[in-house]
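Data first, discussion second: the structure below is written as structure tokens.
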Amino acid sequence: MGFLEEEGRWNLSFSGAGYLGAHHVGATECLRQRAPRLLQGARRIYGSSSGALNAVSIVCGKSVDFCCSHLLGMVGQLERLSLSILHPAYAPIEHVKQQLQDALPPDAHVLASQRLGISLTRWPDGRNFLVTDFATCDELIQALVCTLYFPFYCGLIPPEFRGERYIDGALSNNLPFADCPSTITVSPFHGTVDICPQSTSPNLHELNVFNFSFQISTENFFLGLICLIPPSLEVVADNCRQGYLDALRFLERRGLTKEPVLWTLVSKEPPAPADGNWDAGCDQRWKGGLSLNWKVPHVQVKDVPNFEQLSPELEAALKKACTRDPSRWARFWHSGPGQVLTYLLLPCTLPFEYIYFRSRRLVVWLPDVPADLWWMQGLLRNMALEVFSRTKAQLLGPISPPATRVLETSPLQPQIAPHREELGPTHQA
């Protein structure tokens with residue numbers, strides 16, 4: 001199997017996905033159940049944005065129940081806010097940072113060093129950095145906070161890491177080492193990634209940006225909206241199930257599973273191989289020495305009547321994470337009349353909520369105020385110096401000689417020779 005034959009010769013790379021990071025959770029659970037060697041023997045696991053969260057959960061050995069409960073728990077909190085991401089209580093960076101401080105083990109930086117790679121984008125020049133060494137657990141958490149920080153969506157002041165400001169790593173390198181043949185890439189968007197949904201539309205147009213290639217389609221457009229504004233818990237849970245199916249298709253196409261599971265899900269018999277081997281009919285197209293069986297079908301979540309038979313652990317974790325408060329009060333506020341009453345009371349409740357949550361965020365920000373103000377002062381000073389230097393260069397630049405006016409003459413008229421002054425000695429009569 002090429003580079004998969006020797007342990008430690010392949011990498012895993014997870015793209016930025018926002019709330020669609022649930023796709024990474026499902027794909028990881030499929031690899032853990034059906035091909036654990038791909039996770040255990042990986043040389044390094046890269047990630048940008050929410051993909052870095054999935055990568056650190058793999059390195060630290062977190063269970064699928066842990067990942068689903070934390071990710072879908074955040075979606076549930078957002079679902080309860082009347083204005084969704086516009087509500088003043090919405091603070092994704094603070095929430096994730098607190099969850100990481102509570103959940104990561106004290107030696108997480110030791111486990112992550114030299115095995116985890118986090119993509120960061122330096123502000124303001126946009127240069128990409130891959131961080132692979134972490135001195136403390138707090139430094140690891142700060143690197144994760146930086147790669148999750150999407151400008152304006154998460155705030156106005158970028159977080160600091162090792163004396164410099166960084167933002168979302170997906171804005172400069174969304175899929176680290178995607179061009180390397182020995183890297184297994186994972187993404188929830190339709191495209192040419194190893195583990196990704198297969199588009200049902202015949203659109204062949206692709207967009208390559210930020211070291212990432214994806215198809216230009218309506219499916220990807222709506223997936224991009226779900227990344228930032230998840231509509232419901234069920235939609236995110238289905239995306240997690242789709243990640244499991246996409247990873248299973250990846251394994252079956254490369255002959256890394258014992259039996260063709262996807263054929264049974266679509267109620268079809270697998271094509272009978274000519275020589276009696278499951279690897280027959282493979283297309284010998286290489287990416288690091290892997291043969292691909294393109295006859296493996298693409299299965300969507302709606303095609304699976306009972307997902308629990310496919311992965312009981314993942315389905316149990318998703319059902320547990322999607323469970324809402326069963327009380328009558330909670331059910332009333334989720335009903336139609338409750339939603340109408342919520343919006344009718346917004347003019348009365350929103351000002352108090354705004355003052356409360358903004359004041360609380362200000363208290364949390366107080367320890368970082370001196371450093372942030374100093375950074376903003378330096379940023380404004382550099383911008384002013386840049387504007388001054390450009391203005392000075394334009395006003396006091398070298399004076400160019402006046403342009404020579406060329407007179408075009410008709411071919412029927414004699415050309416007027418330019419006047420030249422003779423500097424030689426004068427002739428006497």
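Using N, Cα and C of the backbone, Cβ positions are placed for all residues, glycine too.
From a predicted model like this one, the values you see are computed outputs, not experimental measurements.
The annotation domain 'PNPLA' is assigned in Swiss-Prot to 12-181 on the grounds of sequence analysis.
The motif 'GXGXXG' annotation in Swiss-Prot covers 16-21, and the record cites sequence analysis as its basis. Mean pLDDT for the motif 'GXGXXG' (16-21) in this predicted model: 92.
Swiss-Prot lists 47-51 with the feature motif 'GXSXG'.
Of all Cβ atoms in the shown protein chains, 27 besides its own fall within 10 Å of the Cβ of Ser49 (active site, nucleophile). Sequence annotations record features per position, and here Swiss-Prot assigns active site, nucleophile to Ser49.
Per Swiss-Prot, the feature active site, proton acceptor maps to Asp168; the stated evidence is sequence analysis. For Asp168 (active site, proton acceptor), the Cβ neighbour count at a 10 Å cut-off comes to 26, with all displayed protein chains included. In the three-state DSSP reading, Asp168 (active site, proton acceptor) counts as strand.
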How far is it from Ser49 (active site, nucleophile) to Asp168 (active site, proton acceptor), counting Cα to Cα, in Å?
6
Based on DSSP, tally up the residues of the motif 'GXGXXG' (16-21) by helix, strand and coil.
4 helix, 0 strand, 2 coil
